[in-house]
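To start, the structure itself, in structure tokens.
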Amino acid sequence: MARKCYVTGKSPKSGNNRSHALNKTKRTWGINVQKVRILVDGKPKKVWVSARALKSGKVERV
């Protein structure tokens, strides 16, 4: 399973590194996801949740 936020749907983004000579190489920007237990349909479940979703109170740990 991909490391994608269960609540917000955030996923890693891709782009390029650019050197001083403007050469480009592919890179990815990861997201800060934590594996936490939350209630899903009334039952506890371990899912990947972004740190921002946890801080903003969109989800509550069990």
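In case you wondered, yes, glycine gets a Cβ from its N, Cα and C as well.
Residues of the same chain lying 6 or more positions beyond the ends of the compositional bias 'Polar residues' (11-20) and with a Cβ under 8 Å from any Cβ of it are 2-5, 26-31. Look at Swiss-Prot and you will find 11-20 tagged as compositional bias 'Polar residues'.
DSSP places the residues of the region 'Disordered' (1-26) in helix, strand and coil in these numbers: 0 helix, 9 strand, 17 coil. The region 'Disordered' feature in Swiss-Prot is assigned to 1-26.
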